[in-house]
Amino acid sequence: GWSLCPGIPIRARYEHQPFVSCLGGLYGCQWRRYQRAKAQPGECCCSRLECGSFALIIVTFFLTLVLLYFWSEAQNDYNDFDWFNFGNLGFWFPWSVVLLVAAAALFTYIALLLVLAVCLLSEGQRLYLHWSHKIGILVTLSFSISATAVLSDLWSKEWTTLLLSFQVTAPYLHVGGVSLMTLLSWPIALHFFRMNKRERQVVILSLYLAVLLTLYLVPLGMYSSCIKDEGTLGPAPILIGHRGAPMLAPENTQLSFERAVEAGGEGLETDVTISYDGIPFLMHDSTLRRTTNAHEMFPNRTDAPAAMFTWSELEILNAGSWFLQRDPFGTASSLGVQEKVQVQNQTIPTLKELLNLAAQHGRLVIFDLRRPPRGHPYRDTWISRTLEVIHNESSINSSQVLWLPADQRSLVQELDPDLQQTSGDHGTLAELQEEHIVRLNLHYSHMSQEQIRKYASVNISTNLYVISQPWLYSLAWCAGAHSVTTNALHILKKLQRPLFLMTPEDYSLMWSLTDNVSAFLIAAVFIFHWWRERGLPFWSGSRQVNENGPYSKFRTELSDVWSISSIGVRGEPHNSPAPPNLPTISEEPPV
């Protein structure tokens, strides 16, 4: 034994607790053997500083969870995000994936700290968070707040994507949330029955029940177009290749459109610019910098408008090598040797080539048409020049063309009434009908089953762009969209039915079963702890499971306890009896 004060013998009792030692080591970097703490469960087990650290962990956990969920559901627009950064930084890097990995790693780190803290509190241990973890929490908190603020400013539409995602994930988030609250019932009940102050009992139980009841009732306010009665699901939306099949070949190239046709795309989407000498060609950006080798062929004109180049200058540019170098969708490695050679040799195609390809395979065509800049010879005749290619230079039927440009729509309708007039703007039914609109081309964030049905009632179909994630396509399918523009033709074409589709009866069963099982388990946990804390036997003839009052712990096996006998400093014998109610001291004082 060791004497803290001369003449006062004290017996120190230590216990082997590998689990608690591991928890304390990971949380506070104190790897020496832990002994039982004197703090009662339900009482304050840490200083004010450590209480603040624990609260900060909880806040950081929820903020990183929001960031992780927000960005993981934004995968549909990762390509746009990366190209946006390319335009601002001047070099390509998959920033979207880096941000996702960083958010996932930081969330995992904070979640682990939170689990460790809860486990330590459940064991009645004193919390001590190491300074390195405190710095880690502050870094994670700063990153989460900054990233969420920047993304909200630059990509605010992604919050709409997040809200849409709840229509397919909410039933499963409900199950996950209820399951988590059910697991938390164990430490909550343990502390509730061991608290000395009734005020604390009321507070902790009220907060727990409020969150639990909210989760139980959340499904009452949930709406999803994928919860449908049997037989009410419409046909799958037809697929329109966004700039062809940009995951399989360089965007807006002849190979890309051929791959889109092979993948089963029923429509081809592109962007048209008119060259300086009047040749409509396919190019999305206003410059040639991103998707060609213009920086090599015309180093002094890299940032010049694409429309200010002649066709003889444009046709010598390479429009495929960038795809292999940057691999924007992470699919270039799956290409064979011959496919890579094809990609490497792609050039800029003309509108005429695309229209002939669509005519040959009976595909629809929809395109944005850029007006040439000031000083361009075709600035005022760009519409008529494009119509000339459709009517006189290609073999396509006008009914295969979804005419999207809003400029001079009345004139276009008068010149060619067979074109399918398509609008990219919302409008009243009367306005749309007056302009002879037969199709709307809307961003997927405007997805609304009610609106789609309203337009369909007057024979106006709805196309949603750009949808590449299966869950988003499933939602568009359930909402009744007639077509979608996509980067992932080869993936979405394989879906035989919407993901997450269920009947109202199946959902009600899922909801009620989850809530009832949870309520039963939570009640059982509270009854168990109430019974145990009263020291009642669990079955006839069994011994009590606790000793010396409700605040004692379970008996520890003798093999798990070792003691150091008291040795008096004034010559007391080694085997002197220990006084009652011996205090327990730590092997090493906390740092």
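Heads up, the Cβ atoms here are built off N, Cα and C, so glycines get one too.
Sequence-remote contacts of a segment are chain residues at least 6 beyond its ends whose Cβ falls under 8 Å from one of its Cβ atoms, and for the transmembrane segment (54-72) they are 46, 96, 99-100, 103-104, 106-107, 110-111, 113-114, 117, 127, 129, 137, 140-141, 144-145, 147-148, 151, 158-159, 162. Per TrEMBL, the feature transmembrane segment maps to 54-72 (among others).
If you look up TrEMBL, you'll see 92-121 (among others) marked as transmembrane segment.
Under the heading transmembrane segment, TrEMBL lists 133-152 (among others). Sequence-distant contacts of the transmembrane segment (133-152) (same chain, six or more residues past either end, CB-CB distance under 8 Å): 27, 29, 53, 56-57, 59-60, 63-64, 66-67, 70-71, 99, 102-103, 106, 109-110, 113, 158-159.
Under the heading transmembrane segment, TrEMBL lists 172-190 (among others).
Annotated transmembrane segment per TrEMBL: 202-223 (among others), in sequence order.
Look at TrEMBL and you will find 237-496 tagged as domain 'GP-PDE'.
Residues annotated as region 'Disordered' in TrEMBL: 570-591.
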Other parts of the chain folded back onto the transmembrane segment (92-121), taken as Cβ under 8 Å at six or more residues beyond its ends: 20, 23-24, 26-27, 41, 45, 54, 57-58, 60-61, 64-65, 67-68, 71-72, 75, 78-79, 81-82, 85-86, 127, 129, 133, 136-137, 140, 143-144, 147, 184, 187, 191, 325-326, 328, 330
